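Annotated domain 'FAD-binding PCMH-type' per TrEMBL: A:176-358, in sequence order. Per TrEMBL, the feature FAD binding site maps to A:208-214, A:290-293, A:342-348. The annotation site 'Important for enzyme activity' is assigned in TrEMBL to A:R393. The substrate binding site feature in TrEMBL is assigned to A:R489. The annotation active site, proton donor/acceptor is assigned in TrEMBL to A:Y552.
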Amino acid sequence: MASNSNSSERQRIAQQRLRIIAGHLQKHEDGESGLIATECKAEAAGSNGANKGTMPKKRQEVMKWNGWGYSDSKFLFNKKGQAEFTGKRYRLSGMILPSLQEWFENTFGASVKQHKSPATPALNPGALPPPNLNAAFLKDLKATGIPFSHEADDRVFRAHGHCLHEIFALREGRGFQRVPDTVVWPNCHNDVVKIVEMACKHNVCVIPYGGGTSVTGALECPPNETRSIVSLDTSQMNHILWLDEKNLVARIEAGIIGQDLERLLNERGYCTGHEPDSMEFSSLGGWVATRASGMKKNIYGNIEDLVVHMKVVTPRGVFEKSCQGPRMSTGPDIHHFILGSEGTLGVVTEVTMKIRPIPEYQKYGSVVFPNFEAGVACLREVAKQRCAPASIRLMDNEQFQFGHALKPQVSSIFTNFVEGLKKFYITKFKGFDPHQLCVATLLFEGDRERVLQHEKQVYDIAAKFGGLAAGEDNGQRGYILTFVIAYLRDLGLEYYVVAESFETSVPWDRVLDLCRNVKERITRECKERGVQFQPLTSCRVTQTYDAGACVYFYFAFNYRGLADPVRTYEQVEHAARDEILSNGGSLSHHHGVGKLRKEWMKESISDVGLGMLKSVKDQLNSERPKWLHSFQVSRPCVSRNVQAECLSTTQQCIRLHLTHCKNRCQ
Amino acid sequence: MASATLYSQRDPMLKKRDDFEDILEERRKSSDLKYALRCYAPVLYKGLTPCKANMLKNMVLQSDNVKYVINQVSLESGEALDIVHEEASVILEEMAHRLQISTVRFFAYALTKAFKTIFQHICVNMDGIQRLQQAIQEHPVVLLPSHRSYMDFLLMSYILYTYDLALPVIAAGMDFMGMKIIGEMLRMSGAFFIRRSFGGDKLYWAVFSEYVKTMLRNGFAPIEFFLEGTRSRTCKSLTPKTGLLNIVMEPFFKGEVFDVHLVPVSISYERILEETLYARELLGVPKPKESTSGLLKARRILSENYGSIHVYFGQPVSVRSLAQGTINRSKYTLVPRHLPRKPMEETQSFVNDTAYRIVRLQEDSMVLKPWVLMASLLLQNLEGLELSVLTEQTLWLRGLAQCYGAFMDWPDHAPAAKVVSSSLALHKGLVCVSEGWVSLVVGEPQVPMTAEEALFNRAVSVLSCASYRNQVLHVFIRPAILAVAMHNADSSKKDEVYNCFSFLYTMFSNEFILCPGDTVQDFDEACYLLVKSGAVQTLQQGIVGTDRSQPILSFLKGLLDSFLQGYQLVCRFLREEASDGLTEKQYVPAVRSFAVKLILAGNLRCYEVLSSDMQKNALAALLRTGAVRKVKIADQVTLKVNKMALNSFEDTLGGHLPTQKAVLARL
């Protein structure tokens, strides 16, 4: 029996390899693929000489192993109890934030002096399961010369995203039940083809890893996976292969992270305009795989509007369109299988993306509204008139106050005085209630004249809804904060505060009801689950569309006195998501589904819809024996389940679970 | 959501009975005028959008929903938009309340004077008031009082004013508007008027529902209406109407409010103002039209003693926690919220269940006086009882009622004889005691009467008495049905008894509060109660009586006896007398004269059969089960009868078994 299946297996693999090779040969008919053989080396020359990405192979050398972002940048309360932000990388770095402590203690009932919940200082490699290695695979892998590692810190780093439960587990030193056994760093598309091929051959799982900023649990390894798991780290595929100024597109390797991509394009006078809040760390492939959305989508579009062409390695072979026409009517757009596939169908290796000349002029702005209702009405009107600036975001009162708490120390008395005057004008003269008012932040882009014209139009609309222009500074600070805000969760975790964010999209007429009901639901659920302190619930409208808006929630609470804060947190978040769906919100606007939200997938897209996705997945793995399809995942340590086995299963040899990215804090 | 914390499963015995406070006590001690003019500053809903009654009207007419329907009506009827708009605003004008604190103060003054004269106590449960105060701040609140008397809504507003709570706006029947000045005054004290029927009138429905919803969403005031739809003439709860309940729940289904809290309120009168009026009405004397002069004539009631009133504000019921797991609100997200839509099936059944639930909660917290027990006993002994026997049996029945979870108001530390005699004194219009023999009062014998008049007088006193017995029916109804079922069933096997139970349950579900879907649950409850009172044992083989069972079971059977007889009579009438031409309108008088004939001939001893309420309920049950059908011929609705089915119903109700199987098959 065994030998029988062995031989058929071998036969099958041989056939498959032939098919893949045939696929490659066929492509030689179009011009570009002539480069395949040399691609790996050619790219460097093609994109302006040696190009070192920000992300080294050993990410833990620059990045925190148990928290967000760079190791050198973090919030802390110094000995005087004042908050400061360390490092040199951000505008806020090295600054003192005098009002943060008071806000923090008042909001959460936390105590900076008394109640600390410090993290385990370092990774304990002993707590890790030993790698489950597949000798045959390794042998082939070594032969290719693609770099790889079995080291504990490399493996743990790629075993998680940035969900609360993941970070919490790391901080507690608990680690994970199952982590990848091998990490590989392909250098180019062909390397990925080889890896996937070998994985198929040797029955090994592959989990693509891009920026590692997932907040959907997509990177978690199924605890009872018995096959060897390979984490395919795309960070070394970070080159711009070519740039076409006639058509304003660029061919880019999918492992490149947002900040590198923008920097490289800027050097040549271009940009993509795609700026998710996680763009420092998230990767192009991840954006594609999660249907990412950028802050400036009003001008540049979301990722699905930006992608012109893509190359994807699947277990069945490489998949790409035969031309780069700007729009096609050739059946359903196959790109849309990949956009949002979250790594379940294949590895995105190269993408042709639209580029734009860097805008001549940029201007920030802000508007204060007497209350959230007025603000939403204004945003709705702006969307109706289709005159939204590059970015327009409306923060609720809680977030406005939070923003205030993050104001750096002002050096001059004069600035202090002006601030006071402003406050007086708004609250006393204009009669805005400081516990009701909210702020919209704006970013305009384009040529100077147009920007100024546009600005006036938007402020005029705002005035109709009682909005008062509140200056450039406030606006700019709002956007700077989006990059550092993710660091704040780590600060909270030091003092018994857990925090997370989640998002949705919702039709205009339901925005207010949804925001109110979700906040109220969170507050009630916390109370019922024994959370001793009032939770922080805050939301902002971050994107406007013709037919609705994207709403982003922050949710945090002090967990002192709770036995299992993560579980409580998850139950509350679960209830909040139920509430969102009941109020007409979507399962996700840009974070994706992952394992965190897979249980709602059926409800969201119907049985038939799910079946359609499944059949695509089956097609890509159709030559696998049937019995292997029933692979089940159960996850004892985490209560929510693996994203749609429907979407993500692990067929015989390949578990493609891409999660390069999350567009955090959009 | 932990529904348990918000809505606890009913368990009559575990329910903590709250302390009552007599609100008249203070009134008797202090100035009424000062009370009427005191500072009134109620707590308000936290999400309140402050607005005046007039702004409210504007908001309603400008709402998407009303605008949409105006458009549609205009398209369909070909009338100009502004004409339809005008129509809408006339409807609203006719409907809307004009809540004014000055009028409320006037009522506070006048009612205090009246209440102090006719009532001994008005007792209100303090915990309920506190819970209500809390609820009003957190969520839109809907007050759902029981409805036994015109007094109900004046009383409700009076109590809320007394406790400095937000005054409710009250859905009242249009008939009140006929009362000239009073109608307007009621309007100014918060009543809004709705037509009794507006079946097909889209515009009316739109304006009406939007009006209610706008007040609810804005948190303008608690909304109050009567689930039973109208005053119960018989003092048993009426099967609930769900139209308005559906309207007040919709803002929750559509996500416009986080939650809606329903507060059941049980108002129990020791003696109802309309007592004999109701009995006459049930016997076919038409109800007097509401008029101001009528009210003035009725002022003779001021000279009588109507005992005390108990008002119990129940635990607020969160619609959100009730709907948890039943209603998928996301289904409401696929259609714009302002489009009028028929409620979905699952919603309809949820609203229906909730309505039954609330009515049962009302029933459970009705405060029962010793007299209702005495009335039940007297009705089973129409020729009268010895006072000592009555006292003894009343005490026994009190034990049984309490065992079944009745909420009794039995004076502490008073000897039973005194309790009984003071009850008899209060109800001296209904009952007389001569030489230690207690019996129902029958008319004034000195006036010469025809046999029919005498019968009529007798019926008035029986029906009046029955209206007190009816107040305790909800305590006994499930065990009573079971007792009859045990009696009727072939054997004591559980499933046979259940079949009989289920048949009776279905037949009587227009008569009593028996929620159609709850048969099994109620059967279990009935078994539990009978076992608990020691009347039966449930063994493996089935349900059997014990040696102690006789008095209990025969009392319970006796309770239902007149209903069984009444339903049988209706079957018999339809079978024997109903020609094909019998119209729906002729039905009640025809049954009545049929029954009168039988009683006069000495073939029937049951006077309750003469009650039009019972006759209508019986017909409704027969229509529901298909034994009778309505056929519309020309403008007349006639009744078409299935004699076979009626025959077997009649037999089964009478406890004759042979045809039962066939009946059940048809059910």
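Using the three backbone atoms N, Cα and C, a Cβ is placed for every residue, glycine included.
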**Prompt:** Using Cα coordinates, what distance in whole Å links A:G343 (FAD binding site) and the residue listed as 'active site, proton donor/acceptor'?
**Reply:** 24
**Fill in**
Simplified DSSP label at A:P208 (FAD binding site) comes out strand
**Request:** Provide, as an integer number of angstrom, the distance between the C-alpha atoms of A:Y552 (active site, proton donor/acceptor) and A:G211 (FAD binding site).
**Result:** 21
**Item:** Fewest other C-beta atoms within 10 angstroms, as judged across A:P208, A:G211, A:G343, A:G346, which are the binding-site residues
**Value:** A:G346
**Asked** What's the most sparsely packed of the recorded positions A:S214, A:A292, A:Y552, counting other C-beta atoms within 10 A?
**Response** A:Y552
**Item:** A:A292 (FAD binding site) - helix vs strand vs coil (DSSP)
**Value:** coil
**Prompt:** Hey, does DSSP put A:Y552 (active site, proton donor/acceptor) in a helix, a strand, or just coil?
**Reply:** strand
**Asked** Across the domain 'FAD-binding PCMH-type' (A:176-358), what does the pLDDT come to on average, as a whole number?
**Response** 94
